[in-house]
Amino acid sequence: MSCCASSAAIMVAEGGQASPASEELWLASRDLGGGLRQTELSVPNAYCGTCIATIEGALRAKPEVERARVNLSSRRVSIVWKEEVGGRRTNPCDFLHAIAERGYQTHLFSPGEEEGDDLLKQLILAVAVSGFAATNIMLLSVSVWSGADAATRDLFHWISALIAGPALIYAGRFFYKSAWNAIRHGRTNMDVPIALAVSLSYGMSLHETIGHGEHAWFDASVTLLFFLLIGRTLDHMMRGRARTAISGLARLSPRGATVVHPDGSREYRAVDEINPGDRLIVAAGERVPVDGRVLSGTSDLDRSVVNGESSPTVVTTGDTVQAGTLNLTGPLTLEATAAARDSFIAEIIGLMEAAEGGRARYRRIADRAARYYSPAVHLLALLTFVGWMLVEGDVRHAMLVAVAVLIITCPCALGLAVPVVQVVAAGRLFQGGVMVKDGSAMERLAEIDTVLLDKTGTLTIGKPRLVNAHEISPGRLATAAAIAVHSRHPIAVAIQNSAGAASPIAGDIREIPGAGIEVKTEDGVYRLGSRDFAVGGSGPDGRQSEAILSLDFRELACFRFEDQPRPASRESIEALGRLGIATGILSGDRAPVVAALASSLGISNWYAELSPREKVQVCAAAAEAGHKALVVGDGINDAPVLRAAHVSMAPATAADVGRQAADFVFMHERLSAVPFAIETSRHAGQLIRQNFALAIGYNVIAVPIAILGYATPLVAAVAMSSSSLVVVFNALRLKRSLAAGRGATPGTLIHSGAVTS
């Protein structure tokens with residue numbers, strides 16, 4: 001199928017067309033660290049599970065490729081590759097040639113592409129042409145069926161042939177190009193049986209016309225193509241509708257911005273050409289093009305895309321802003337801190353597309369089935385033809401039955417069973433403020449029966465307040481703040497905020513996750529953290545969190561803190577209970593503090609004073625007991641248990657390592673994102689199983705009917721197209737059911753009490 005790429009994209013295909021230079025591909029790739037890079041390519045003529053297997057197989061055969069994944073919904077392939085293999089610098093052009101050798105066009109992905117709209121226009125025009133031709137041929141056929149004489153019948157047959165031929169060539173080019181491309185490279189896809197069926201139907205009709213036969217099936221061949229094109233057009237539209245969350249998010253990024261040069265001159269520059277360090281002017285009413293830091297100006301910023309909150313946030317000099325946020329009231333001068341491809345919007349889009357392309361167990365099964373389905377269909381059609389020839393000896397009837405079998409057994413429904421649900425579910429979760437980093441994570445989340453939550457920053461908002469500052473001397477507070485500067489832990493941040501500006505203390509600094517900070521200075525060894533870490537002993541119990549400042553294990557000061565639970569925490573725990581899920585707390589804080597919070601939230605199982613290793617051990621013990629646990633955590637010390645869990649989640653405020661380790665990231669302050677994500681994932685799993693049942697049930701019923709000769713090619717085309725649309729519409733129920741009956745957002749999910757087991 002031909003698709004028009006943007007002018008920035010250079011097509012790579014057979015026929016000697018120009019391809020991007022190796023250096024261009026290097027610049028377009030993303031550095032992942034560890035000698036790995038990631039490149040995104042568009043593959044506009046990939047349609048089915050066979051295409052996925054072919055492209056991924058061609059790339060994985062390359063020693064430079066670490067992994068490759070095709071996203072059929074966006075028709076893109078993501079390649080993670082090694083910068084060097086055997087001391088030789090990798091040439092990324094090899095990846096494009098490997099794809100082209102399998103018969104697929106490919107070009108560098110450009111965020112500004114609108115090929116989907118062009119394809120939709122081409123499909124609609126093809127539907128119109130085939131529909132017009134089918135209508136006119138049908139009128140001629142009615143005259144023939146009404147008892148026209150032989151000469152008139154032959155004339156009408158020839159007129160029908162002249163109408164059908166160009167219509168099949170023009171409107172059927174989508175199927176013919178794809179089928180020929182597959183056959184030429186020694187493989188099959190779902191368009192091969194369609195092209196065979198349409199061609200055989202037309203060929204048989206032409207043979208009858210030349211031989212002055214009584215019956216011709218030009219109307220059937222063109223009408224068959226008409227219904228097939230309707231199905232493909234609706235499928236394309238439904239996929240686009242399923243991806244509305246991603247396309248809407250992409251539109252939040254402006255095309256460009258005004259860049260201020262050092263000499264004061266201004267230039268409008270495309271967003272892809274903005275580099276870190278550039279000074280930008282963002283006027284009121286404009287969206288922030290890339291992540292940046294405010295150099296001057298004060299304004300209200302709509303950050304709903306970041307945190308889901310409708311209330312504007314005031315930003316001023318020194319504050320950070322994210323790409324896609326809307327500047328409401330005043331002009332801002334920014335310094336870009338990231339390129340467009342590394343900014344917030346690009347990161348979120350990447351997460352959602354990773355969710356779409358994730359290889360969950362069901363999707364692997366569907367892809368494997370679709371890969372072997374096409375050869376099986378051809379064999380079945382051949383056996384059907386041979387069988388009817390042996391039974392009746394009528395070539396025409398045997399051929400018609402074989403054509404019907406070719407059409408009715410198209411694996412479209414099976415290939416769509418999983419990915420379309422993942423697309424809709426990822427979009428639904430995004431609308432609820434939850435980012436999915438891997439499509440398989442939704443499947444794992446639907447299986448959990450236990451939720452283990454960290455305390456500070458997860459069950460609480462992670463902004464503790466120092467409550468006994470009046471009891472601590474300014475000198476000790478300043479010393480503690482100078483040590484706390486080296487940590488992002490919420491308690492360290494609270495000490496810094498209470499002390500004001502503080503210069504970092506000089507010395508050999510070491511942060512021990514789950515314990516505290518140690519600084520070796522000329523005066524001795526300062527420690528700031530838990531009592532056991534700082535002074536090697538226990539102290540009086542209290543219901544407040546504390547941090548001890550010590551010098552050579554001698555206590556200098558005790559800092560006490562209060563932290564507020566996250567909004568809707570208790571309601572979220574109750575919602576988890578209604579889902580039949582047990583809850584527990586994993587915390588490194590003192591037992592009295594954890595017990596008090598657990599009691600207030602109605603959680604009976606809790607663990608206190610745990611090290612990162614002990615948290616992993618608790619999670620492993622739950623797994624050994626047969627439980628599948630979701631771990632929700634935010635800190636550096638939570639990263640090991642997040643990776644060890646069956647599935648994991650972190651708030652957007654989490655430390656970078658925590659967000660990277662988690663499978664889900666929730667953007668809102670409310671903990672209601674947790675039951676919302678579980679409910680959505682469970683419902684998505686139900687729809688996937690339903691889609692499998694629909695696809696398999698369709699084949700179990702339709703294939704025997706076609707083999708027995710009870711379905712004409714036209715009926716087969718209608719049935720095949722309908723099966724694909726049923727699967728897509730069933731997936732779209734996820735949007736309607738959650739919005740109407742199971743909570744439109746995490747907040748309404750909790751307040752309506754709509755979570756059901």
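Backbone N, Cα and C atoms are what each Cβ position is placed from, and that goes for glycine too.
In terms of which side of the membrane each occupies, Swiss-Prot places ASP394 together with THR712. From the options 219-239, 618-638, 639-659, the stretch Swiss-Prot describes as transmembrane segment is 219-239.
The list of residues near the transmembrane segment (186-206) in space but at least 6 beyond its ends in sequence, with Cβ under 8 angstroms from a Cβ of it, reads 47-48, 50-51, 54, 102-103, 157, 160-161, 164-165, 168, 172, 174-176, 178-180, 216-218, 220-221, 224-225, 228, 370, 373-375, 377-378, 381, 396, 399-400, 402-404, 406-407, 409-412, 415, 713, 716. Under DSSP, residues within the topological domain 'Cytoplasmic' (179-185) fall into helix, strand and coil as 6 helix, 0 strand, 1 coil. Across the topological domain 'Cytoplasmic' (179-185), the model assigns an average pLDDT of 79. Using a Cβ-Cβ cut-off under 8 Å and counting only residues 6 or more beyond its ends in the same chain, the topological domain 'Cytoplasmic' (179-185) has close neighbours at 45, 50, 101-104, 191-192, 194-196. Among residues of the same chain six or more beyond the topological domain 'Extracellular' (144-158), those with a C-beta under 8 A of the stretch's C-beta atoms are 205, 208-209, 212, 214, 216, 218.
The two recorded residues, ASP454 (active site, 4-aspartylphosphate intermediate) and ASP634 (Mg(2+) binding site), have Cα atoms 7 Å apart.
Rounded to a whole number, the C-alpha distance linking CYS51 (metal cation binding site) with ASP634 (Mg(2+) binding site) is 39 angstrom. Within 10 Å of the C-beta of CYS51 (metal cation binding site) there are 27 other C-beta atoms, taking all protein chains into account.
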